[in-house]
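*Asks:* One structure is given below, represented as structure tokens, and several questions about it will come after.
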Ligand SMILES: [Zn+2]
């Protein structure tokens with residue numbers, strides 16, 4: 001049975017605060033030379049999982065910020081499902097992460113900057129609206145979008161400069 005959470009329970013009051021936490025994690029990734037994307041998983045107003053993009057340093061193509069944060073959260077609460085939780089991520093999720101978000105039964109995804117090439121929430125498709133999904137995820141983008149995008153452009157600019 002499909003569960004749709006009523007919009008009334010959505011609390012947006014701390015969206016920017018949690019996105020700033022995700023931004024701080026993105027900076028940690030940048031320090032390691034990873035493309036700076038950060039994510040936090042929030043349940044009942046508490047951050048229960050944190051992650052930043054680290055596929056290179058971890059030799060793990062699945063180590064996107066969302067994957068890392070969701071894994072950490074699931075381990076922290078000892079549950080493979082995270083009902084009622086909200087994932088904050090600085091960049092629009094890719095298809096891999098969108099799939100995991102559904103499998104994890106995350107209630108809501110909030111992202112910052114758009115990912116025009118690989119983003120699957122609104123840029124290259126609308127993953128979460130597909131009829132075959134057995135779990136409906138609420139989503140919204142654009143929270144601290146400028147800051148989230150700036151971290152990425154700064155990183156790529158510096159990387160290009162170091163290669164010249
Ligand atoms: Zn991803």
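Just so it is clear, glycine is given a Cβ too, placed from its N, Cα and C backbone atoms.
As listed in TrEMBL for this protein:
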DOMAIN    13-122  domain 'CMP/dCMP-type deaminase'
BINDING   64, 94, 97  Zn(2+) binding site
ACT_SITE  66  active site, proton donor
*Asks:* Would you list the DSSP helix, strand and coil counts for the residues of the domain 'CMP/dCMP-type deaminase' (13-122)?
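*Replies:* In the domain 'CMP/dCMP-type deaminase' (13-122), the DSSP-based counts are 39 helix, 25 strand, 46 coil.
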*Asks:* Please name the residue among the binding-site residues 94, 97 whose C-beta has the most neighbouring C-beta atoms within 10 angstroms.
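*Replies:* Neighbour-count leader: 97.
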*Asks:* Cβ-Cβ under 8 Å from the residue listed as 'active site, proton donor', same chain, 6 or more residues apart: which ones?
*Replies:* 39, 51, 87, 89, 93, 97, 100, 101
*Asks:* Counting across all protein chains present, how many other Cβ atoms fall within 10 Å of the Cβ of residue 64 (Zn(2+) binding site)?
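*Replies:* A count of 25.
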*Asks:* Express the predicted model's confidence over the domain 'CMP/dCMP-type deaminase' (13-122) as a mean pLDDT, rounded to an integer.
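*Replies:* The answer is 97, the mean pLDDT of the model over that range.
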